[in-house]
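Colleague: Let me give you the structure first, and then I'll get to my questions.
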Protein chains: 2
Amino acid sequence: MPEQSPLEPAEGDPFGPHNLPYGVFSTPAEPDRRRLGVRIGDHVLDAGAAAHALGSPYSALLDRPSLDPLMGAGRTAWRDVRRALTAWVTVPAHRPAIEPLLYPLDTVTLHLPYEVADYVDFYASEHHATNVGRIFRPDGAALTPNWKHLPIGYHGRAGTVVVSGTEVRRPSGQRRAPTDAAPAFGPSVKLDIEAEVGFVVGTPSRQGDPVPLTSFRDHVFGLSLLNDWSARDIQAWEYVPLGPFLGKSFATSVSAWVTPLEALDAARVAPPARTEPLLPYLDDADDEEPGGFDLRISVALNGEVISEPPFSTMYWTAAQQLAHMTVNGASLRTGDLFASGTVSGADRAQRGSLLELTWNGTEPLELGSGKRAFLADGDVVTLTAWAPGPDGTRVGLGEVTGRIAAA
Amino acid sequence: MPEQSPLEPAEGDPFGPHNLPYGVFSTPAEPDRRRLGVRIGDHVLDAGAAAHALGSPYSALLDRPSLDPLMGAGRTAWRDVRRALTAWVTVPAHRPAIEPLLYPLDTVTLHLPYEVADYVDFYASEHHATNVGRIFRPDGAALTPNWKHLPIGYHGRAGTVVVSGTEVRRPSGQRRAPTDAAPAFGPSVKLDIEAEVGFVVGTPSRQGDPVPLTSFRDHVFGLSLLNDWSARDIQAWEYVPLGPFLGKSFATSVSAWVTPLEALDAARVAPPARTEPLLPYLDDADDEEPGGFDLRISVALNGEVISEPPFSTMYWTAAQQLAHMTVNGASLRTGDLFASGTVSGADRAQRGSLLELTWNGTEPLELGSGKRAFLADGDVVTLTAWAPGPDGTRVGLGEVTGRIAAA
């Protein structure tokens, strides 16, 4: 029986030719040479080498150490390059040229695929915002008065976004419980995760020019799974009145693979019904394309699934977030990353943070690896996700994983 | 009488050879060629060309279109390059080589001198925080309980930092007064300024490694004057619970000149006495070098001085801000910019924002250009500043100016 070609992943493989996410990799033979790659099954194709081998006009975009040039090339280039890549991995005549340019995933090192320009984190799940409001502000309304009128967001630290697999050191900082006389300093005792989906901007925009809802596809290149590590004790003491800062800025992990928007065409769904009228720049009721994405996220702690947040329940869509973020004239740059905020569904088993899953530590999880209110040193958190693809396939999103190192 | 050399600015010129701030410029003859320049009096020296002309080993740092390579070269290089530049503009034997490389300032275009990596805005003036607290939260304590324990800060949008002289379009957005039934959309009606001082990071740090108070000079390259334009109506509606976002992200203006830290050695002063004990990582009581800077800022609206905020009154120092920003292990990158927050003194005539100067519009300013609660279209705001230099000189900081364009 002839050996199976890496170009023929098994039936049902979520990284088949209908997916083709982008990443940046290096090989043990040339560890300092970063190359743009495309994932097919359990292999990565050296996209620049493939372009040269096949005499493709896209070698200038693909023979690069970063995804940035392709991201900045615009929507038409994104479509054309994806068509070319699809042909390269599916047309049998290309096999002799392509197969030698494939590397098994477990032999390569994956890097942050793009340079993060500005990083914005939203707060778009009604279930999450309601849970957090109940926990942090038990005497007030769970949702602030603005929540249903605009997608609340804030800027995070772009310089500490790291690729999946990077170890995360437990942060130290100030905390002060309401009963403490003075703040104390030390390693965070409430280290948490936030299961999120990140959207990566390709096409920039000019300062002063808002990007309307309908231009979402012209600017957004693709999706990264994202874990916005959070130190709840640091955050609770610092965040009034100017928002989260050190409780979030120590690390944000993203998947090594960027899923092109086009791969998720079959996963578009309508967002939940809006319960407050929206101002015109946010009103997507008549949009031809539904703004939500049916992504099924899974959160594993030390290998045990602790939550399955459904992205389809997000109140605010990525297109609304983009329109809001730019309505004041703020410009976009290639590499801008904006994240959904924690994805939490209505059920307890769908909550995307330990804060919610353990109700601020009062209801610890009983796991094979022990009891957990928040993260312990050595814990490994892994997010995975998939979405419906064309013709009954599944589109896999790259995983994002990280291990907690002691302070 | 022989013509005065541009290398001999008038006695008392705040841009004499004791200052030598850095900028990036282009000439009308070569508008697309950006060059690193050093200001002397009313001229700019092409620093790269000077390095070549004099056979300097620093041409690799100076013959560049950006200040980034020099900023990233570290403290020893900063000192050595500054010594070399001082010799080039003061030693008479260099004049024949140097004078042809000087351009009158009014003939060149100045550009953003460095690429902003992450932008953080602090809130370090006790007078400002107290005023804002009284205006926005009249029923609560003016200062939040954390204010005297940590320098409150948040991340801003790096991609919309613009160089002095860039026109600022009035932003549109949502606002909702407490008496409004629903939010409204439109151009901001409370467009404001914030007079601030920005500190620019040169030397990066590793993720996981805090930068202590005493390492301030190893990491911070210099200072930029900064105007953090603010739409108060947008900000007031959006900022709970995650902090300012669109009310600030449309534009932040910085001076075209970066003043090297060394030029301000004579301006170091002790900060105000601390009224709460500080945790060790923020406690600067025993530091050899005082953490404050005696900078005298002037705010002009359409040419009329409306405020003179004294930077020496800032409660939190830049060294404390740097130590706080990294104590959780957040890394620094070359080009990180952190700003002081609005500089306001104790007196009304020392307030650094219109919000405070007009008490949220209730006490408008009567100016030659008309009555102002907040900024009108066409208004020009210019910040300037100086500090005591060596031997009775004054060190000028570059101005930051901007004109408001209609929405």
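Note that the numbers count up from 1, one per residue, in the order the chain is shown.
Cβ from N, Cα, C; glycine included.
Marked as active site, proton acceptor by TrEMBL: A:His128. Summarising the annotation, TrEMBL assigns Ca(2+) binding site to A:Asp121, A:Glu194, A:Glu196, A:Asp228. The substrate binding site annotation in TrEMBL covers A:Tyr123, A:Arg137, A:Gln235, A:Tyr239, A:Thr342. According to TrEMBL, the feature Mg(2+) binding site maps to A:Asp228, A:Lys248, A:Thr252. Annotation comment: TrEMBL describes A:18-113 as domain 'Fumarylacetoacetase N-terminal'. Feature annotation from TrEMBL assigns domain 'Fumarylacetoacetase-like C-terminal' to A:120-403.
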Colleague: Could you tell me which three-state DSSP class A:Thr252 (Mg(2+) binding site) falls into?
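Modeller: Assignment for A:Thr252 (Mg(2+) binding site) reads strand.
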Colleague: Select from A:Tyr123, A:His128, A:Glu194, A:Glu196, A:Gln235, A:Tyr239 the recorded positions whose C-beta atom falls under 8 Å of at least one C-beta in chain B, and return them in sequence order or as 'none'.
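Modeller: Answer, by Cβ distance to chain B: A:Tyr123, A:Tyr239.
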Colleague: Would you list the DSSP helix, strand and coil counts for the residues of the domain 'Fumarylacetoacetase N-terminal' (A:18-113)?
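Modeller: Summed over the domain 'Fumarylacetoacetase N-terminal' (A:18-113), the classes give 44 helix, 27 strand, 25 coil.
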Colleague: Can you work out the mean pLDDT of the predicted model over the domain 'Fumarylacetoacetase-like C-terminal' (A:120-403)?
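Modeller: The answer is 97, the mean pLDDT of the model over that range.
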Colleague: Of A:His128, A:Arg137, A:Gln235, A:Lys248, which recorded positions are close to A:Glu196 (Ca(2+) binding site), meaning a Cα within 10 Å of its Cα?
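Modeller: For A:Glu196 (Ca(2+) binding site), the recorded positions whose Cα atoms are within 10 Å come to none.
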Colleague: List nothing but the one residue from A:Gln235, A:Thr252, A:Thr342 whose Cβ has the fewest other Cβ atoms within 10 Å; the candidates are the binding-site residues.
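Modeller: Each of the binding-site residues A:Gln235, A:Thr252, A:Thr342 was scored; lowest Cβ tally within 10 Å is A:Gln235.
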Colleague: Out of A:His128, A:Arg137, A:Lys248, which of the recorded positions has the smallest number of neighbouring Cβ atoms within 10 Å?
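Modeller: Lowest Cβ count within 10 Å among the recorded positions (A:His128, A:Arg137, A:Lys248) is A:Arg137.
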Colleague: In Å, how large is the greatest distance between any two Cα atoms among A:Tyr123, A:Arg137, A:Gln235, A:Tyr239, A:Thr342, the listed binders of substrate?
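Modeller: Roughly 18 Å, rounded to the nearest whole number.
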Colleague: Looking at the binding-site residues A:Glu196, A:Asp228, which sits with the largest number of other Cβ atoms within 10 Å of its Cβ?
Modeller: A:Glu196
Colleague: List the same-chain residues at least 6 positions away in sequence whose Cβ sits under 8 Å from the Cβ of A:Tyr123 (substrate binding site), in sequence order, or say none.
Modeller: A:Ala129, A:Trp147, A:Pro151, A:Ile152, A:Gly153, A:Gly341, A:Thr342
